[in-house]
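Feature annotations, reproduced from TrEMBL:
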| type | residues | note |
| --- | --- | --- |
| TRANSMEM | A:12-29 | transmembrane segment |
| TRANSMEM | A:41-74 | transmembrane segment |
| TRANSMEM | A:86-108 | transmembrane segment |
| TRANSMEM | A:140-159 | transmembrane segment |
| TRANSMEM | A:189-211 | transmembrane segment |
| TRANSMEM | A:223-246 | transmembrane segment |
| TRANSMEM | A:266-287 | transmembrane segment |
Amino acid sequence: MNEFVATVVRGLGSGSIYALLALGFVIIYKSMRVISFAQPAFMMAGATLVSHLVLSMNFFLAVLVALLLTALLGAGVERLALRPMIGRPVFVIAIITLGVDIVIRTVVNSFIGLDIRQMGDPWGLEQVGVLGANIDQRHLATLITTLIVVAALFAFYRWSRTGLAMRAASSDQEVALAQGVSVGRVFSLSWALAAMLAGLAGVFLSTGIGLEQNLWLTALKALPVIILGGLDSLGGAVVAGLSIGVVEALVGSYGGDLHPVFGGDFFLVVPYLLMLLVLLVKPYGLFGTREVERI
Amino acid sequence: MRVRSGVAVALVAVLVGVSGCRSDAPEAQQGGGDVKFDVGVTKEPCPEAVDKAKGCIYLGSISDLTEGPFKALGVPITESQKKFWKRVNAAGGIGSFEVDVTKYVKDNKYNPQIHNEVYAEIKPDVLGLAQTLGSPTTAAILADLKSTGVIGVPASWTSAWAFEDVILESGTNYCFESMNSVDFGAETLKAKSVAALHFPGDYGDDAAAGTKLAAEVNGMTFTDIPTAPGQENQGAAIQKLIAAKPDLVILTTGPTEAATIVGGAAQNGFKGQFIGTSPTWNPALLKSPAAPALTALYRQSGPWAPYGAETAGHKALAESLDQAMFKAAPNDGYTAGWVWSYPMKAALQKAVDAKDLTRAGLLAAVKSLETVDYEGMLPEAAGKFSGEPNERVFRQSIISKVNPAAPTGVSVEKDFFTGKTAEAHQFAKPCYQ
């Protein structure tokens, strides 16, 4: 039982990181109808900034400053690389985001170096007892922070004027423009938010042992998450992220007991299998908006 | 029109025929000292020649230099090899030739396909490969190495290399190294049970196979725990380890995975000892939260002593390296790159002495090597490349312990030894096959 609880919390911790990353994808998709492949770069940028800033300031302050800088980077990328491409096919814009990802990661990698950078986080590998199980403090911290951030994000969308403007632009850009909403500003804000969320995911991912260049690969797990949750559903991103994290952890721990085929590193393909299964039943994901098409 | 088409077709056919008949290998030439040579050797001096009167032997390097998972090793290996050959050239080169390992350096990003592509690019210009980093990547070019007789120095230690004439490996392989580690665990640490916690593939599987063989010989309980790369993917492996409670764990992962596992297991009260193969270690881990656990529970096995050991070769390495660069990112990749270069130097010397520096001549020289002078970094017997794999495989390894004061965070605990399992093992095929 203790082991089961520990596995679930570990899964929720990983799932929180996937959810934060997936939220960024969804926010950009909702505003621009484009899947941004630059999220791994923002994730690495945020984590790398923290690893440098902690050398001269408190960890929490470093996270705050790093996330603001990452948000600025996201907004800057949108303004310089994406805004001029408005009106072009979304495929072209998606490819540009791939290029942006490579450029930013190359620069960021030079600041990471070949070794492992420490984040200076207060959790390290420390554990805490929960329901009789030993839980990594960092997993708990990731989960709690994600829940707070998600609640704040939903409140922002639901109750703030800017959030309303973002929802309006997401629903119909031309009507939103006619109502005085600055769609360009919505784009910038979307990229800033997405970059900030990815940066936060990167920070939590690097807690424990540290930050290294290859961590960016984890960001790719957000892709099955957004397909599973629905490309335009913020709630779907959170539910799918947490679900995939937990299922992945459970398969990793207990899959081999069911059958040797499910042991080893089978858990790595679980997110993609889940995605395929859901797509067979719900092509727009669990919570995605079903598109009405004229036949 | 029809006549023109006919002429064009005939011309194309002739061109195809001519190019088909053309041999890839240029005609053999004679260099200084009447040495015969063909591909990758010139009468002209090397780009950074010490002695402009000497010819040049070009060796290629294909390594993980920018974004692959082993770049932390690939970069220092490549740098160290440049320094090794610079020293050789400064000391008079190889006969009437100097050696260049700087012109044909390629990045494989640890991707077999890229490895193959860049190999094809440099193949017409190099005599051999001073470095081909990785097992799966080298496997991607192995067929071509064999068919063209190109010698490659592998930056990996899989037991399969002992069965390939064109591979010029140094030191023992993961399989024998793990056998020795288990024997050491049984004798010194009094371990009764052992787990192999490893990546899949010929790196981890080779070590796991050696671990299993030694567990059987020592009458130990064996648990196999495969795991995937990525520090965030180690939770399940840690749980399985804690459940199995082995006295000894043989680790074959990357450094961050190793630290996550050792640190995570220790947090859960795990008291067993860990011995990791050399790629599991990075001194930067001593700055991580796992440092106390690593200091208490971790040892490193290796095919040779780490940087800073007291042999002539280690001292020459330290003198050749830019110390500021080394201290910025201390890494035993420098040691590995240096050691791996000795047999190539010996083979080139032997080929020049035999006045045949063609690819065939170099291959013949490699196959006749009985010993190599590693300047004390490895026993000379480790340089035996003639005979059957079971006769020539080098079975000795070293155990190091964590020592934060040492240049790369580890220092030798038990010098070269062969355990009883490795001693008796009939090496008829790669251990993991």
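Placement of Cβ uses the backbone N, Cα and C atoms for every residue, glycine included.
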Touch test for the transmembrane segment (A:189-211) and the transmembrane segment (A:223-246), at least 3 Cβ pairs under 8 Å: no
Range from A:86-108, A:140-159, A:223-246 with the greatest count of C-beta pairs under 8 A to the transmembrane segment (A:12-29): A:223-246
Same-chain residues at least 6 beyond the ends of the transmembrane segment (A:266-287) whose Cβ lies under 8 Å from its Cβ atoms: 221, 224-231, 233, 235-236, 239-240, 243-244, 247-249, 251-252, 255
Sequence-remote partners of the transmembrane segment (A:86-108) [C-beta within less than 8 Å, at least six residues beyond its ends]: 32-42, 44-45, 48, 73, 77, 216
